[in-house]
Structures are given as C-alpha cells and as structure tokens.
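Asks: Features from Swiss-Prot:
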type    : residues        : note
BINDING : G36, N185, R398 : substrate binding site
MOD_RES : K82             : N6-succinyllysine
MOD_RES : K247            : N6-(pyridoxal phosphate)lysine
MOD_RES : K413            : N6-succinyllysine
Amino acid sequence: MSKQLQARRLEGIDHNPWVEFTRLSKEYDVVNLGQGFPDFSPPDFAVQAFQQATTGNFMLNQYTSAFGYPPLTKILASFFGKLLGQEMDPLKNVLVTVGAYGALFTAFQALVDEGDEVIIIEPAFNCYEPMTMMAGGRPVFVSLRLSPAPKGQLGSSNDWQLDPTELASKFTPRTKILVLNTPNNPLGKVFSKKELELVAALCQQHDVLCFSDEVYQWLVYDGHQHISIASLPGMWERTLTIGSAGKSFSATGWKVGWVMGPDNIMKHLRTVHQNSIFHCPTQAQAAVAQCFEREQQHFGQPSSYFLQLPQAMGLNRDHMIQSLQSVGLKPLIPQGSYFLIADISDFKSSMPDLPGAMDEPYDTRFAKWMIKNKGLSAIPVSTFYSQPHHKDFDHYIRFCFVKDKATLQAMDKRLCSWKGEPQA
C-alpha cells in the first residue's frame, strides 16, 4: 500500500519492553520474577464466586449494563464511598472497565486534548506516557529524588521524595492533568499524607485534574497507610480514582477495573466507553461483585482478604530481600505494591561491558544477561523513565515478590548457584 499505514499518534510508542521480556522469559528456563502477576490461586471465595457466575444464572452469559453490572457498581459505590467520604451514585460516579488499563485509557481519551500537558511522576508505570501521546497531549516529567540511606543500611522506597519546588515548576497554563500512582510501581513507594497534600494544593492552585492509579492500595506493609488523594479536602471534584479487581483479589486474568469520580467528569469517560468497549464481560463482573460484598462484611477484621494478603506478601518481600543480598544485589525495602527494586551499581562497576546495543541502558543489558545466564527474570527500571532519563536511572532492576512459595524456593536455588559462580 502506497499510503502511510501508521497513524501519526502511534509515532514513538511502538516499542514495548514487556513484549520483549515476556518473549525472553519464554525462550529461556527462568524463574519469572519480572512480570507483576501472582502465580498462586485467588482466595477460595473468589474462585467460588467465578464458578457460580459461569454455572448459575444463565443470563450472566449475556450483555449487562454498559457502564457496569449493577450489583458491582452498587457495591463499589458503597464500599469506596465510605473510604472516600462521599455519597456515591452507582450510575454517575462509577464506571467498570476492562482492567485498570482500560480505565486509564478511557480517562486519557476523554479528557486530554491536543497540546494539553500531563505531569507524570517518575519512575512511572510505562503506559502513562504513550496514553498521553495517543490522546494528543504532551507528557511533562518530574522525577522522585533519592536521598541515599546511610552506608551499610538498606534503602527504602520512602527515600524517594518529590522536590516541592521542582514539582511546582512543572505546572503551566497548559497543564491539564497530574498522574499519581500510589503505591508506586516500580518503587513500592506509598505517598504520605504530607506529599499528597502538596500534590493536592498544586492541583487546586492551577485548576488541574488528578488521575490517581491506586491498584495496589491493599498491598501496604509495616504499618504504612494508603491514603486516597480524592479523600483530601477539595480533591474529590477534580480526581479520578482507578482500581483493579485483579490486583485486589489476585486474579489478574479477570481484567475487571473501575474508575470513580464526580459525574461532571465521569460523563465524558462514559462517552468514550460507550463508543469503544461499550460492555465489559458480565460473568467476571458478577464474581467481583460477590468478592466485594464479602469483603465489606469482613472489612477491618482478621478474616478480610485485604488484611490477609499484605500479611502474607510482607513475608514474601522479606524473604526476597534477604535472598537477593546473597549475590550482591542491594534491594530497597518497599512500603507497598507487588514490587521491589534492587541496586546493581556494584555490577555496573565490576561488569561494565555486558553484551547489548551501545545505546541500551545498563540495567536492560543486565536484565537480559541475568535471564540468559542466571535463569532469573526481572525488569529494568530505566523502562519506567522517559527516554532522556534512561541513562540516569540505569542501575536498578525490578522484582515481583507476589509469588508462590515454590517460586521463591526456585529463586533461592538459582541464587545459590549464582553465589558459587564467578560474576562474569
């Protein structure tokens, strides 16, 4: 065909590191600690809810309401309304989407116009930038700044902080949206109330919307508390809060997400949704509705999955932190999420010439080397930064610790073999 096939809005966003690292992980015999999914079963009540949805009411095989299965939007409005301090209308304040990815894409398409600026806090999940660009917006990046831990001590995700002056400098008359992710992927940073108040004050001062990606909100450790920015004074009316059933109930394949916010904003998302996806799978929504109804009854009690999951994953996190240190990796202790990052600076000094393209960041070459030579997969943290900042943050790799005990034991065996081998 003589005409250009690719739409201009796709220029510069065609490369996806997840595709490459998924392919490598399948080509080699690896323990997959790169991709963020549990390799253990969802809780029994969730499995039973899904089974019931597929074998019970035959009408669950048909379309449901376009903006969400009514029992699901009702329980989401009730459950999160209490947490956010809002009387939420299931029909006006909640939209069910194909995963949190779908919620984000719908929000960007609905609200970002040509030339609008979108502030993205780095490191950031790497869909925010291409979604901004596909909508015609211009991403504006601000990096969390690291205050190194004292020598001999492990660092923490809390060591990464916003510089208030730098953040304020990113706001211009063209700024439309700030994207917030707490707990943060890949750092595992849980933004404090003080940090959220800084973001909230700037959003209100400059009349900017906030997209708050909170898919890991139940996975917080060591007594840290997740705070939804929409719960702060003056923020409900300018915030879209995004959640994920897959992350909440360890069932990422269900692909059920949601977005919540004020009706005057949500109505534009409904316009995009009804002209693209229109309906999400009914049976998965029915299962998620049952799961939340169960959690509402048990919320705050030891029987709540939202308490049990972080307790179990906190142990996994501690196990991985101890194990990774045995080969010279330096993990940073995460406050939340599925992930931790590890500093590979010592390897960069002792093994600087790993195979790979000259323009490839060191952490990308290291992650590929580790897959091929050590049988362990992780994700280079430079992929969570904009192109100009890749080389500044090329000495970290991200591991997922939300894994089965057998997977962690397999990791230990690979690390034990690695420990007994020469580095190169």
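In case you wondered, yes, glycine gets a Cβ from its N, Cα and C as well.
Keep in mind the model is a prediction, meaning the values are calculated, not measured.
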Asks: Which residues in the same chain, at least 6 apart in sequence, have a Cβ under 8 Å from the Cβ of N185 (substrate binding site)?
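Replies: Listed in sequence order, they are G36, F125, Y216, S337, Y338, F339, F384.
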Asks: Take the Cβ of K247 (N6-(pyridoxal phosphate)lysine) and count every other Cβ within 10 Å, whichever protein chain it belongs to.
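Replies: There are 26 such Cβ atoms around K247 (N6-(pyridoxal phosphate)lysine).
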Asks: Taking R398 (substrate binding site) as the reference, which of K82, K247, K413 (the modified residues) have a CA within 10 A of its CA?
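Replies: If one measures from the Cα of R398 (substrate binding site), no modified residues come within 10 Å, so the answer is none.
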Asks: Output the one of K82, R398 that, of all these recorded positions, has the highest number of other Cβ atoms within 10 Å of its Cβ.
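Replies: Of K82, R398, the one with the most crowded Cβ is R398.
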Asks: Would you list, in sequence order, the residues of this chain other than G36, N185, R398 that have their CB within 8 A of the centroid of the site's CB atoms, where the site is the one recorded for substrate?
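Replies: Other same-chain residues near the substrate site: F125, P186, S337, Y338, F339, I379, C400.
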Asks: Give the maximum pairwise CA distance in Å, whole number, for the residues G36, N185, R398 listed as binding substrate.
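Replies: The substrate-binding residues span at most 10 Å between Cα atoms.
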Asks: Run through the Cβ atoms and count how many others sit within 10 Å of the one on G36 (substrate binding site).
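Replies: There are 22 such Cβ atoms around G36 (substrate binding site).
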